[in-house]
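Take a look at the structure set out below.
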Amino acid sequence: MTAYPQFDVILKALNLSSVGVIITDPEQKDNPIIFVNTGFENITGYAKEEALGSNCHFLQGDDTDKEEVAKIRHAINEKSTANVLLKNYRKDGTSFMNELTIEPIYDDHEHLYFVGIQKDVTTEHDYQLELEKSLTEIEKLSTPIVPIKENICVLPLIGSLTHDRFQHMSEYVSEYMDHGKEDYLIMDLSGLAEFNEDAVMNLVKFHGFMKLTGVELIITGISPKFAMTLIRYEENLASLTTYSTIKEALQFY
(Lines of atoms letter the chains of each structure in order from A and count residues from 1; the text may use other names and numbers.)
(Lines give C-alpha, C1' and ligand atoms only; values in the text may rest on other atoms or scores of the structure.)
Protein backbone atom coordinates (compact mmCIF):
# COMPACT_ATOMS: atom_id res chain seq x y z
CA MET A 1 0.00 0.00 0.00
CA THR A 2 1.10 3.55 -0.69
CA ALA A 3 1.18 6.28 1.92
CA TYR A 4 -1.96 7.66 0.31
CA PRO A 5 -4.57 4.91 -0.28
CA GLN A 6 -6.44 7.20 -2.68
CA PHE A 7 -3.42 7.45 -4.99
CA ASP A 8 -4.26 4.32 -7.00
CA VAL A 9 -7.83 5.52 -7.49
CA ILE A 10 -6.65 8.97 -8.62
CA LEU A 11 -4.14 7.43 -11.03
CA LYS A 12 -6.79 5.11 -12.47
CA ALA A 13 -9.18 8.05 -12.92
CA LEU A 14 -6.50 10.09 -14.71
CA ASN A 15 -5.78 7.22 -17.09
CA LEU A 16 -9.48 6.75 -17.84
CA SER A 17 -9.79 10.40 -18.91
CA SER A 18 -9.82 11.10 -22.65
CA VAL A 19 -7.90 14.36 -22.18
CA GLY A 20 -4.14 14.36 -21.93
CA VAL A 21 -2.61 15.10 -18.54
CA ILE A 22 1.04 16.08 -18.17
CA ILE A 23 3.02 17.03 -15.08
CA THR A 24 6.34 18.84 -15.47
CA ASP A 25 9.01 19.89 -13.00
CA PRO A 26 10.17 23.47 -13.70
CA GLU A 27 12.69 23.25 -10.88
CA GLN A 28 14.69 20.77 -12.95
CA LYS A 29 16.70 21.81 -16.00
CA ASP A 30 14.53 22.29 -19.13
CA ASN A 31 11.29 21.66 -17.20
CA PRO A 32 11.03 17.92 -18.04
CA ILE A 33 7.86 15.83 -18.13
CA ILE A 34 7.62 13.60 -15.06
CA PHE A 35 4.13 12.16 -15.66
CA VAL A 36 1.76 11.56 -18.57
CA ASN A 37 -1.55 9.73 -18.54
CA THR A 38 -3.02 7.32 -21.07
CA GLY A 39 -4.97 10.19 -22.66
CA PHE A 40 -1.68 11.87 -23.58
CA GLU A 41 -0.43 8.65 -25.17
CA ASN A 42 -3.65 8.26 -27.16
CA ILE A 43 -3.65 11.87 -28.39
CA THR A 44 0.04 12.14 -29.31
CA GLY A 45 0.99 8.57 -30.17
CA TYR A 46 4.00 8.79 -27.86
CA ALA A 47 4.39 6.15 -25.15
CA LYS A 48 4.98 7.24 -21.59
CA GLU A 49 8.59 6.04 -21.76
CA GLU A 50 9.25 8.25 -24.79
CA ALA A 51 7.82 11.38 -23.19
CA LEU A 52 9.21 11.20 -19.66
CA GLY A 53 12.29 13.36 -19.16
CA SER A 54 11.61 15.47 -22.26
CA ASN A 55 10.45 19.06 -22.54
CA CYS A 56 6.99 19.43 -24.11
CA HIS A 57 8.40 21.35 -27.06
CA PHE A 58 9.06 18.04 -28.86
CA LEU A 59 5.37 18.17 -29.84
CA GLN A 60 5.83 21.49 -31.65
CA GLY A 61 6.64 22.16 -35.30
CA ASP A 62 7.91 25.06 -37.41
CA ASP A 63 4.36 26.36 -37.83
CA THR A 64 3.41 26.22 -34.15
CA ASP A 65 2.23 29.69 -33.10
CA LYS A 66 5.22 31.38 -31.45
CA GLU A 67 3.00 33.84 -29.58
CA GLU A 68 1.06 31.01 -27.95
CA VAL A 69 4.32 29.31 -26.97
CA ALA A 70 5.50 32.60 -25.46
CA LYS A 71 2.36 32.67 -23.28
CA ILE A 72 3.33 29.28 -21.84
CA ARG A 73 6.88 30.43 -21.19
CA HIS A 74 5.60 33.59 -19.49
CA ALA A 75 3.19 31.60 -17.29
CA ILE A 76 5.98 29.27 -16.18
CA ASN A 77 8.25 32.20 -15.36
CA GLU A 78 5.45 33.93 -13.46
CA LYS A 79 4.21 30.68 -11.84
CA SER A 80 0.74 31.41 -13.23
CA THR A 81 -2.00 29.85 -15.35
CA ALA A 82 -2.14 29.91 -19.16
CA ASN A 83 -4.72 28.82 -21.73
CA VAL A 84 -3.43 28.42 -25.28
CA LEU A 85 -4.24 26.81 -28.62
CA LEU A 86 -1.26 25.10 -30.24
CA LYS A 87 -0.68 23.26 -33.46
CA ASN A 88 1.16 20.15 -32.26
CA TYR A 89 2.39 17.01 -33.98
CA ARG A 90 1.81 13.35 -33.17
CA LYS A 91 4.51 10.72 -33.34
CA ASP A 92 3.34 9.73 -36.85
CA GLY A 93 3.85 13.32 -38.08
CA THR A 94 0.18 14.28 -38.35
CA SER A 95 -0.87 17.56 -36.78
CA PHE A 96 -3.59 18.25 -34.25
CA MET A 97 -4.91 21.36 -32.53
CA ASN A 98 -4.09 21.19 -28.85
CA GLU A 99 -6.21 23.24 -26.44
CA LEU A 100 -3.80 23.38 -23.52
CA THR A 101 -4.27 24.70 -20.00
CA ILE A 102 -1.35 24.77 -17.58
CA GLU A 103 -1.63 25.32 -13.83
CA PRO A 104 1.07 25.63 -11.14
CA ILE A 105 0.74 23.28 -8.16
CA TYR A 106 2.85 22.75 -5.04
CA ASP A 107 3.46 19.63 -2.99
CA ASP A 108 3.67 19.46 0.79
CA HIS A 109 7.28 20.65 0.63
CA GLU A 110 6.40 23.71 -1.51
CA HIS A 111 8.05 22.11 -4.55
CA LEU A 112 6.59 23.67 -7.72
CA TYR A 113 5.15 21.55 -10.53
CA PHE A 114 3.02 22.38 -13.56
CA VAL A 115 0.00 20.35 -14.60
CA GLY A 116 -0.98 20.54 -18.26
CA ILE A 117 -4.41 19.49 -19.53
CA GLN A 118 -4.50 18.69 -23.26
CA LYS A 119 -7.63 18.51 -25.36
CA ASP A 120 -7.59 17.58 -29.05
CA VAL A 121 -9.89 20.17 -30.65
CA THR A 122 -8.88 19.53 -34.27
CA THR A 123 -12.44 18.78 -35.40
CA GLU A 124 -13.84 21.90 -33.74
CA HIS A 125 -10.99 24.04 -35.09
CA ASP A 126 -11.46 22.76 -38.67
CA TYR A 127 -15.20 23.35 -38.40
CA GLN A 128 -14.59 26.94 -37.28
CA LEU A 129 -12.24 27.54 -40.22
CA GLU A 130 -14.83 26.17 -42.65
CA LEU A 131 -17.52 28.32 -41.03
CA GLU A 132 -15.37 31.45 -41.38
CA LYS A 133 -14.63 30.55 -45.00
CA SER A 134 -18.35 30.14 -45.69
CA LEU A 135 -19.15 33.45 -44.02
CA THR A 136 -16.50 35.15 -46.16
CA GLU A 137 -18.10 33.70 -49.29
CA ILE A 138 -21.51 34.90 -48.12
CA GLU A 139 -20.09 38.39 -47.54
CA LYS A 140 -18.69 38.37 -51.07
CA LEU A 141 -22.12 37.46 -52.40
CA SER A 142 -23.54 40.43 -50.47
CA THR A 143 -21.06 42.70 -52.28
CA PRO A 144 -21.19 41.51 -55.90
CA ILE A 145 -19.13 43.46 -58.43
CA VAL A 146 -20.56 43.03 -61.92
CA PRO A 147 -18.44 43.96 -64.98
CA ILE A 148 -20.61 45.84 -67.51
CA LYS A 149 -18.09 47.13 -70.03
CA GLU A 150 -14.35 46.80 -70.42
CA ASN A 151 -13.66 49.66 -68.00
CA ILE A 152 -16.94 49.86 -66.04
CA CYS A 153 -18.34 47.68 -63.27
CA VAL A 154 -21.44 47.91 -61.10
CA LEU A 155 -21.77 47.35 -57.36
CA PRO A 156 -25.45 46.91 -56.45
CA LEU A 157 -26.11 47.33 -52.73
CA ILE A 158 -29.05 45.57 -51.09
CA GLY A 159 -30.22 45.78 -47.48
CA SER A 160 -28.31 48.21 -45.29
CA LEU A 161 -24.84 49.76 -45.35
CA THR A 162 -23.63 48.98 -41.83
CA HIS A 163 -20.14 49.79 -40.55
CA ASP A 164 -19.03 46.15 -40.78
CA ARG A 165 -20.39 45.80 -44.28
CA PHE A 166 -18.71 49.04 -45.32
CA GLN A 167 -15.37 47.73 -44.00
CA HIS A 168 -15.78 44.48 -45.90
CA MET A 169 -16.93 46.31 -49.03
CA SER A 170 -13.89 48.60 -48.98
CA GLU A 171 -11.50 45.65 -48.61
CA TYR A 172 -13.24 43.62 -51.30
CA VAL A 173 -13.43 46.50 -53.78
CA SER A 174 -9.77 47.36 -53.14
CA GLU A 175 -8.73 43.77 -53.85
CA TYR A 176 -10.91 43.65 -56.95
CA MET A 177 -9.59 46.94 -58.34
CA ASP A 178 -5.98 45.87 -57.77
CA HIS A 179 -6.49 43.09 -60.28
CA GLY A 180 -8.85 44.89 -62.66
CA LYS A 181 -8.62 47.66 -65.25
CA GLU A 182 -11.82 49.52 -64.43
CA ASP A 183 -11.95 53.31 -64.66
CA TYR A 184 -15.49 53.62 -63.30
CA LEU A 185 -17.43 51.97 -60.49
CA ILE A 186 -21.19 52.46 -60.49
CA MET A 187 -22.64 51.97 -57.01
CA ASP A 188 -26.38 51.42 -57.21
CA LEU A 189 -28.31 52.29 -54.05
CA SER A 190 -31.81 51.41 -55.27
CA GLY A 191 -31.80 48.18 -53.24
CA LEU A 192 -30.90 49.78 -49.92
CA ALA A 193 -33.66 49.46 -47.32
CA GLU A 194 -32.36 52.37 -45.26
CA PHE A 195 -29.96 55.23 -45.75
CA ASN A 196 -29.17 56.91 -42.44
CA GLU A 197 -26.39 59.31 -41.47
CA ASP A 198 -23.98 56.46 -40.74
CA ALA A 199 -24.52 55.16 -44.26
CA VAL A 200 -23.88 58.64 -45.67
CA MET A 201 -20.63 58.96 -43.72
CA ASN A 202 -19.56 55.56 -45.00
CA LEU A 203 -20.37 56.74 -48.52
CA VAL A 204 -18.25 59.87 -47.99
CA LYS A 205 -15.33 57.72 -46.82
CA PHE A 206 -15.78 55.35 -49.75
CA HIS A 207 -15.83 58.26 -52.18
CA GLY A 208 -12.49 59.45 -50.79
CA PHE A 209 -11.11 55.92 -50.93
CA MET A 210 -12.07 55.53 -54.60
CA LYS A 211 -10.38 58.84 -55.44
CA LEU A 212 -7.13 57.44 -54.08
CA THR A 213 -7.43 54.38 -56.32
CA GLY A 214 -7.94 56.52 -59.43
CA VAL A 215 -11.35 54.98 -60.09
CA GLU A 216 -14.30 57.34 -60.52
CA LEU A 217 -17.28 56.53 -58.31
CA ILE A 218 -20.72 57.01 -59.82
CA ILE A 219 -23.86 56.74 -57.68
CA THR A 220 -27.23 55.63 -59.04
CA GLY A 221 -30.61 54.76 -57.54
CA ILE A 222 -30.84 57.63 -55.04
CA SER A 223 -34.44 57.94 -53.87
CA PRO A 224 -35.91 61.33 -52.88
CA LYS A 225 -35.67 60.27 -49.22
CA PHE A 226 -31.99 59.42 -49.61
CA ALA A 227 -31.39 62.67 -51.48
CA MET A 228 -32.68 64.67 -48.51
CA THR A 229 -30.17 62.93 -46.24
CA LEU A 230 -27.35 63.65 -48.70
CA ILE A 231 -28.06 67.39 -48.79
CA ARG A 232 -26.48 67.85 -45.36
CA TYR A 233 -23.26 66.41 -46.72
CA GLU A 234 -23.34 68.23 -50.05
CA GLU A 235 -19.93 69.81 -49.42
CA ASN A 236 -18.28 66.40 -48.93
CA LEU A 237 -19.97 64.91 -51.98
CA ALA A 238 -19.78 67.90 -54.32
CA SER A 239 -17.58 66.07 -56.83
CA LEU A 240 -19.68 62.90 -56.77
CA THR A 241 -21.40 62.01 -60.06
CA THR A 242 -24.98 60.75 -59.71
CA TYR A 243 -27.64 59.38 -62.06
CA SER A 244 -31.15 58.12 -61.53
CA THR A 245 -30.50 54.63 -62.89
CA ILE A 246 -27.64 52.45 -64.08
CA LYS A 247 -29.08 52.59 -67.59
CA GLU A 248 -28.93 56.39 -67.57
CA ALA A 249 -25.34 56.37 -66.30
CA LEU A 250 -24.20 53.99 -69.04
CA GLN A 251 -25.43 56.40 -71.71
CA PHE A 252 -22.60 58.76 -70.76
CA TYR A 253 -19.76 56.23 -70.47
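Positions of Cβ are set from backbone N, Cα and C atoms, glycine also.
Just so it is clear, the model here is predicted, and its values are computed rather than measured.
For 6-79, the entry in Swiss-Prot reads domain 'PAS', with the evidence type sequence analysis.
What Swiss-Prot records for 80-133 is domain 'PAC'.
Here Swiss-Prot flags 142-253 as domain 'STAS', drawing on sequence analysis.
All protein chains included, Cys56 (S-4a-FMN cysteine) registers 23 other Cβ atoms within 10 Å of its own Cβ. DSSP assigns Cys56 (S-4a-FMN cysteine) to a helix in the three-state reduction. Swiss-Prot lists Cys56 with the feature S-4a-FMN cysteine, giving similarity to another entry as the kind of evidence.
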